[in-house]
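Chemist: Taken from Swiss-Prot, the feature transmembrane segment applies to 24-44, 69-89, 124-144, 155-175, 186-206, 230-250, 265-285, 307-327, 355-375, 384-404, 415-435, 440-460, supported by sequence analysis.
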C-alpha cells in the first residue's frame, strides 16, 4: 500500500474513533458529553416556561396544572425521544451515519425517480435550514439560563447576567479554531456529573412529596387538555422545550454508533431528566414561590454557586455540540451542492469529524449575540425556541416514512398507523409553537427562510450553469477522435483539467488551446462527484480509464461527510499504472465570471443572490487542497 493510500485509509476510519477500539464505557461517556448536552440542559428552563402560562392571568397554579405539565413532559420524552427516535428513526442509518441530510439521501436512494425525489430533497433542505435556525437559539438560551442562576444566590448580580453570558458566548466562539480535542476529553465526565447531580436533587425533592409521581400517568395530561383546552394547547409550545436536542441522538450516530447512544439515554439521561422534572414539580407544590427558578432553588443554598458553574459548563458543552453540528451540516450541504464552497479546516490529526468552518462560526456568533442582547432573558428566548425543533421533527418523520416503507418493507397500514400517530403529535407541537411567532417565534423562521432562499438559489444556479456549459462544450469523444490528426504541439509534463461532466471537454482546455496552442504530453480529465452516502467505499472512490495514449479520464468520488483532497488521491493513481506525481503536475481551472444574460432564466433576486454567493465562494484550489503554485486559471465569462 502506498503512503497516499495509507493516508486515505486512515482518514476513512470511523469519525471520533481513535486507533484502538474504544471500550463501551468510553463510548457511553463520549455520547453523554456530545449527544445529550442540549436535551440535558432543558430542565434549566423548560418546566418553568410551561408553568408560567398558568400565571399569565394572575391566577395561582394548582395541583392539576403541575401534574398535567409533568405528565406532558414525561410522555413527550417517552414518545418523541424514546419511541420515535431511539426505537424507530435510529434504525434508518445511512452506512452508520444519521442526521436529516443522511436520511434525505437514504430516502432519495430508495424513492422512485422524478418529482418524488425532488420533494424529498426539499424536505431535507427545509430540515437542514431549521437546524441552523435552532443552532442560533440553543447557545443563547442555554448560556443565559445557566448564568441567571447567579440571581438566585446573589441578587445583586442581576445586572451582570447579560455581560457575563455575552463574555462566555464570545469566548466559546473565539476558541473554535483550536478544535475540541482537549475539551472533548472532559465533556463526558462533566455531563456524567451533571446528570447524576440533577437526578439526585430531583429524587430528594420527590422523597419529600412522593405523590408527585402520580403525574407519571398520561391521564393528567388528558385532564389538563380537557380542563384548559386552548391554554393547554399553548402550553404544548413550551413542553416541547423538554425534547429539544432529540434530533442529536440520530445525528450523532456516526460518531458513537447507535448502541452507546441508546444505552446512555435509557440508563442515565432519561431517568435523570425524569427525576429532576418531577423534583421541580414537588418543590413548586411545596412552595409556589419556587417558580421564580425551580431548577436552582431545588439546589441547597451552599451548593448553588458550584451548581451555577456546573450548569454553565454543561450549557457550554451543549452549545459546543450544536456548533460542531453546524460545521458538519455546512460541510455536508457544500458537498451535496446546496451551498457554495467554504473554508473547512481540520482541527485534529486523528479525528476526521473535528472541523472548523470560519464563515459559519462568524455567522453563528453574530446571530447568538444578537439574540442575547435583544431578548435579554431565557424566559423571553423561550418564546423563540421550539418552531425550528418541531419543524425538524416533521421533516424527519416524512423522510422516515419513505425509508421504512421502501427499504424496510413495512406495510402501508403499519407505516400509516405508526408514523401517522407521530405526524399528528409533531403537528400539534408545531401548531402550538406557531402561536409564538409574535413573541419571537419569527426568529428561526426568518433565519430558516433566508437559508432556504440561499440553498435553493445556489442549487438552481448551478443547474443553469451546468446546462449552459453543456450547450457550449464539445463532446469528449469528438475531441479525442480528432486529436491524432491535429497539429497541436505536445509539451512535456502532466496537465489536470477539472470538469463537472466527464463526457465533455473542459472549458479550461479549450481556452488553453485557443490562447497557448499547446497540450501536455499527459492529460487527465478529472471529475469530482459526491455520493449519497457518508463515505465512499474503496471500490467507489477512484475510477481511472485510459481514453487515448496518455489521455485519462479520472473520477474521484467522496461521501458527503468527507473533505476532498485531490493531490492525495492523484498520488494513488501510481498504483493504477498512471505515472503521476501530484506535486509536479499543472492544474488547469476555468475561473468563471458569471453574469446575467439578456433573458435570465431565474428570478432577478435569485440571480443576484447566486452571483453574490458565487463571488464569495472559496476558490476551488483551496477547497480541493491544491497548491496554488501548481495552478493555471483561465478566465471564462458565463452568462445565465
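Cβ coordinates are placed from backbone N, Cα and C, and glycine is handled just like the others.
On a predicted model such as this, the values are computed, not experimentally measured, just so you know.
Explain the structural surroundings of these features, please.
Modeler: Beyond the ends of the transmembrane segment (124-144), by six or more residues, the same chain brings 38, 41, 44-45, 100-101, 103-105, 107, 161, 165, 168-169, 172, 244, 247, 312, 315-316, 318-319, 322-323, 325-326, 329, 333, 338, 364, 367-368, 371-372, 375, 377-378, 381-382, 384-385, 387-389, 391-392, 395-396, 399, 443-445, 447-449, 451-452, 455-456 to within a C-beta distance below 8 angstroms of the stretch.
Tertiary proximity for the transmembrane segment (230-250) is limited to same-chain residues at least six positions away from its ends with a CB under 8 Å from its CB atoms, namely 35-40, 42-43, 45-47, 49-50, 52-54, 68-69, 72-73, 76-77, 80-81, 84-86, 89-90, 98-100, 103, 131, 134, 138, 224, 261, 265, 273, 277, 318, 321, 325, 382, 385-386, 389-390, 392-393, 396, 428-429, 431-433, 435-436.
Counting only same-chain residues 6+ beyond the ends of the transmembrane segment (355-375), those with a CB under 8 A from a CB of the stretch are 135-137, 139-140, 143-144, 162, 165-166, 169-170, 173, 176-177, 179, 323, 326-328, 330-331, 342-347, 381, 384, 440, 443, 447, 563.
Outside the transmembrane segment (384-404) by six or more residues, the chain places 80, 84, 88-89, 92, 100, 103-104, 106-107, 110-111, 120, 123-124, 126-127, 130-131, 133-134, 137, 141, 237-238, 240-241, 243-244, 246-247, 250, 371, 375, 410, 415, 418-419, 422-423, 426-427, 429-430, 433-434, 436-437, 439-445, 448 with a CB less than 8 A from a CB of the stretch.
Panel annotation: around the transmembrane segment (440-460), residues 125-126, 128-130, 132-134, 136-137, 333, 337-340, 367, 371, 375, 380-381, 383-388, 391, 433-434, 602, 606, 609-610, 613 of the same chain, lying at least six beyond its termini, place a Cβ under 8 Å from a Cβ of the stretch.
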Chemist: Can you tell me which recorded stretch out of 69-89, 155-175, 265-285 has the most Cβ pairs within less than 8 Å of the transmembrane segment (24-44)?
Modeler: 265-285
Chemist: Considering only the recorded stretches 69-89, 155-175, 186-206, 265-285, 415-435, state which has the highest number of Cβ pairs under 8 Å to the transmembrane segment (307-327).
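Modeler: Highest pair count goes to 186-206.
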Chemist: Taking the transmembrane segment (415-435) as the reference, which of 69-89, 155-175, 186-206, 265-285 gives the largest number of Cβ pairs under 8 angstroms?
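Modeler: So the stretch in question is 69-89.
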Chemist: Of the listed stretches (69-89, 155-175, 265-285), which one yields the highest count of Cβ-Cβ distances below 8 Å with the transmembrane segment (186-206)?
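Modeler: Maximum Cβ contact count belongs to 265-285.
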